[in-house]
Amino acid sequence: MRKNRDTATSSPASSGVSIQQRRGSTTQNSGVGSIGLPVLGGRGRGVMSDGHMQRTFHEAMRQRRTSLPANSLSLNGAKVTGSSLSEAKGLIADMLMNKELPGNVASCLRAVTMLLEQRPLPLNGLLNDFGLPSVVENPYGGESMVVGASKPRISNITFSTVTSATGLPTVPAEPNKARSSSYWKTEASPSNNNEHETPVDLLRKISVSRKESGTHVDTVVTTIDGQRYDTRELDTDPDLAETAVWSFPIFQMSRKHPQTILSRLTYNIFQQAELFRIFKVSPIKFFNFFHALEKGYWEIPYHNRIHAADVLHGCYYLSAHPVRSTFLTPKTPDSVLTPPHPHHQHSSIMSQLSTLELMALFTAAAMHDYDHPGRTNAFLVQVEDKKAILYNDRSVLENHHAAESWKLLNKPENHFIENLDPAEMKRFRYLVLEYILATDLKQHFEIIMTFTERLTEIDVQVETDRLLIGKLLIKMADINSPTKPYGLHRQWTDRICEEFYEQGDDERRRGLPITPYMDRGDAQVAKLQDSFIAHVVSPLATAMNECGLLPILPGLDTSELIINMEHNHRKWKEQIELENGGSYEAQITCNGGTAVNGVIEEESASTSDSPDPRRDSPLDSDLSQVPFTICCSIAEEEYV
C-alpha cells in the first residue's frame, strides 16, 4: 500500500498537485509548505535541527491570521473529501517514520492523526454563512473567539428610491425567503407519512425536529440583572410545546414562571421563526431586553406581562397557521398541511410577511402595553395625568407604551437589533410604532373599514397592505379573550373586571363620577361582556373571517375563534336572562336600546362603556357623549 501511494502522481480529489510533488523530491529541508512549515522528505531521509524546526514553526504561526480557522480548505471553499483525508493521513505517517523528529512535533502529528480518524462533524449549524466556524480557538492562548459575520442579505430585497409618506424606504415582499419557504416542511421521518396527523401535531413535530438539530444561542444565558436562562430547558418546556394551539395554557405557564413568562415565550417564538439565525440576534442582549421589558409591566390584574405574552401568542398563532384567503398566494406548494378543500388556496400569513416585518410584529406585541398603570385613557385625561399632558390627550397610553419600551430597547445592553443596517433599523422602528398605536380602540373601526374597502385590491406584494394585515393581527390578538375557550375567557373577564373596579375605587376616592361597569358595588359583568363582544370583537373577527384571514383547522367548517366567540356570547346572553328574567331582546330594549332589522342600536352610555379585556376600555369621555351605532357607517362617526 505504501508503494502504491509513493508512486501515485495525481489525485482527482486533490487540488491539482501530485502526492509526490507535495512531499518534495529532495532530501533538503529548505522547502516550505503552504503554511510556511518545512516539507520533510519521505522515507525518513529529511533531517532538521530542533531549533530550526521551532523557529520556522513560530515564524509561520506569527504570520497566520488567528481569527480564521487553520484548515485552509475552509478558506478557499474546497470540500473535504475522503480521498483528501486519506492523503493527509498518509503524509503524516511518512513524517512519523523520521526517527529524528522532535518528540513534541511527533506528538502533535499523532494527535492530528487521531482527529482525522474521527467521523467528521455535520456542517449544518456549525458554520456561519461564509463557511467559517462561528467559534474558533486561538492557537496562542487557547481561548475561543467568535468569527464576526453579518446576517445574510436576501438578494431579492431592494430599497426603492421612492419613499412612503413617512420618508422611510419601501421594502417589497420577499417571495422566496429560506425561512418561510421551508417553514411548513418537516424533516424526513417515518411518522411524516401519517395522514391522520393534525396541523397542531405537525407544528409540534417541526418544533421538536428543529430543536434537536441544534440551537442558535448559547446553552446558558445570564442577564445583566442575574436572571438565568437555560435554552436546553426552554427547548424542552412542555408548556412552550403548545404554542401552536389556540388554547395555549397561558395561566398554567404564568404560575410556573411568574417573572419570566414573556421572555420565555418570546424566545420560543423567535426560535420557531428562525429570527435568531436570520438577524444574528445576540442571545444576551435579547434576554436582557425582554426580561427588562417584562419587569416593566405592573403587577395589576389585567394589563400585565401575562397579557403581553397572550397577545404575542395570538400574533404567532394567527400568522403561523395556513388561512384560506383569496389574496394570499401559496409559497409552499409542497406543504404538509393538506387543505381540506382543494379549491381553496392555503398559505400562512407568516409566509407572506418579510422577516423584518415578522420580527417587528412579535416585538411590538411584547411591547404594546409596557408600563400600563391599570387606568384607561379617559381617566388619565380627566385627572390631567402627566402622560396625558405629554401626548396632548391623544392615544395617551399607546404613545407611552411605544416611547418607553423603545427607550428600553435603545440601551446598549438591550439592543438586540444591532445587526440591522440603517434602512432596516428605520423600517423596524416604523413598523413597531405602527403596530403598537394600532391597538388604540379609537382606530378600531377606521382600520376595519379601511380593510373592507380595500379587500378586492389588497396585494401582499405592497408594503402598505402587509402593514394593514399586520395591524389586523395584533388587534385581533389584543382583544382575543372572547374567542378563547370559555375557561380562559372567564379568567380574563374576571381580571379585567377587577382592574376596572380598582379604577372605580380610585374615582370614588377622588370624588369623580364612577365610570359605568367600574363600580364593584354594582357589577354587571354579563352586560359588559355582551356589549363588548357584539360591538368590538365581533366586527373585527367577522371581517377577518369573511376574507379568510382566520385559520380553519381540518375537520372544522369555520375558525375555532368564531366558534368560541359565538359560544361565549351565547353564555353571557343566557346569564343576562337569568339575572333579569325575560328574553335577551327584551333586556336590551329595557336598557335603552332598540333592535332594528336585527342590528342592535344603543346609546353610547351602555355600549361605549364596554371594556376592552385586552386594551383600554372604549370608556373614553369623548366616546360616551355620542351615539354609537353598530353598522357600516360607524366609521364615519367623528371622535374628537
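These residue numbers are counts, starting from 1, taken along the chain as shown.
Note that Cβ sites are derived from N, Cα and C of the backbone, with glycine treated the same way.
Database features, via TrEMBL:
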- HIS303: active site, proton donor (ACT_SITE)
- HIS303, ASN304, ARG305, ILE306, HIS307, ASP369, ASP478, GLN529: AMP binding site (BINDING)
- HIS307, HIS368, ASP369, ASP478: Zn(2+) 1 binding site (BINDING)
- ASP369: Zn(2+) 2 binding site (BINDING)
- 7-32: compositional bias 'Polar residues' (COMPBIAS)
- 178-193: compositional bias 'Polar residues' (COMPBIAS)
- 228-579: domain 'PDEase' (DOMAIN)
- 1-37: region 'Disordered' (REGION)
- 170-197: region 'Disordered' (REGION)
- 602-622: region 'Disordered' (REGION)
Check the recorded positions HIS303, ARG305, HIS307, HIS368 for other C-beta atoms within 10 angstroms of each C-beta and report the one with the most. HIS368
In angstrom units, rounded to an integer, how far apart are the Cα atoms of ILE306 (AMP binding site) and HIS368 (Zn(2+) 1 binding site)? 12
For the AMP binding residues given in the record (HIS303, ASN304, ARG305, ILE306, HIS307, ASP369, ASP478, GLN529), what is the largest pairwise C-alpha separation in angstrom? 23
Rounded Cα-Cα span from HIS368 (Zn(2+) 1 binding site) to ASN304 (AMP binding site), Å: 11
Nearest to HIS303 (active site, proton donor) in three-dimensional space, by Cα, is which of the binding-site residues HIS368, ASP369, ASP478, GLN529? ASP369
Using the alpha carbons only, what distance in Å do you get between ASP478 (AMP binding site) and HIS368 (Zn(2+) 1 binding site) once rounded? 9
Starting from the Cβ of ASP478 (AMP binding site), draw a 10 Å sphere and report how many other Cβ atoms land inside it. 24
Cβ neighbour count (10 Å, all chains) around ASN304 (AMP binding site) is 23
Taking 10 A as the limit, how many CB atoms besides its own sit near the CB of GLN529 (AMP binding site)? 29
